[in-house]
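Per Swiss-Prot, the features are as follows:
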ACT_SITE  Lys153  active site, schiff-base intermediate with DNA
ACT_SITE  Asp185  active site
BINDING   Gln32, Ser60, Trp71, Phe157, Pro183, Asp219, Trp223  8-oxoguanine binding site
REGION    129-193  region 'Helix-hairpin-helix'
Amino acid sequence: MRNLEKINELLEIFGHFDVNFAKTMEEKIDTQYFVLENLKNSMNNDEMFIKLVILNSIVSYQLCTTGELWWEEFSKYWSKHDANNENLGESYVNFLENSKGNKRLLNVKIKRIERITPFLENLNLLDFKTYYSDMEKLLENLSKYLNSKKNSKTVVFAVKMFGYASRIVFNEFFPYPMNIEIPKDSRIEKYTLKFTDENPIKFWNEVSKTAKIPPLHIDSIIWPVLGRNFDFKSCENKLDENFRYLLKLTEL
């Protein structure tokens, strides 16, 4: 059942946003972007940086902590440890097995790492630059190697984080494609219930088309502010007049 009044309010709010606002949210507000910037600056290997980001993305579910803290743990660890193509999978599995924030379903997650590592080992920085301009192709290949649907949470999330990592490495912004759907995690599912009990992916696809903002960028707008430790005061000066509309998202 749909709450049409709330949906109309949501669409009115998103009428004030665009892709550039989502980019601002990503680069100035999303702590996951910050920790990737810190990690990139502490590593001397951009190719390995992107590969590690993809590996971490495909096991970022059923966490024992928040997504923000999990990515902070990832960044801190790999700023002090090395990996290369010969030991990429083994090195990452060692990190995963000893992590604090990701202890559930380890056997399943390790199998995912084993499936995707051969694909990543054969890629170089030029390949990643090509994928950055064709993220739907990356989605297709990740889906194939992981034997997962293209709209599965970790596959689309991996593309999102790959986009972050590539933006940082190549210092260039490519918007996410309209055809790549929102990662359906617990925050998004819970928030969607304010508007409808239908499939969150279907609902946010409709919002995306109306607002003319790709679903992964919509995720960047709503996901951070739904976090339980989100500090609105710290971001007010970074978002000018759009701050009040962002605040309204939490009041619906």
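Each Cβ is built from the backbone N, Cα and C atoms, and glycine gets one as well.
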- [ ] Over all pairs in Gln32, Ser60, Trp71, Phe157, Pro183, Asp219, Trp223, the listed 8-oxoguanine binding residues, work out the largest Cα-Cα distance in Å.
- [x] 17
TODO: Could you say which of the binding-site residues Trp71, Phe157, Trp223 has its Cβ with the most other Cβ atoms inside 10 Å?
DONE: Trp71
- [ ] Would you mind reading off the Cα separation of Gln32 (8-oxoguanine binding site) from Asp185 (active site), to the nearest angstrom?
- [x] 16
Open item on the list: Return only the integer: C-alpha distance in Å from Lys153 (active site, schiff-base intermediate with DNA) to Pro183 (8-oxoguanine binding site).
Closed with: 4
Task: Per-residue Cβ crowding (10 Å cut-off), top of recorded positions Gln32, Ser60, Asp185, Asp219 - done: Asp219
Open item on the list: Within the region 'Helix-hairpin-helix' (129-193), what mean pLDDT does the predicted structure show?
Closed with: 97
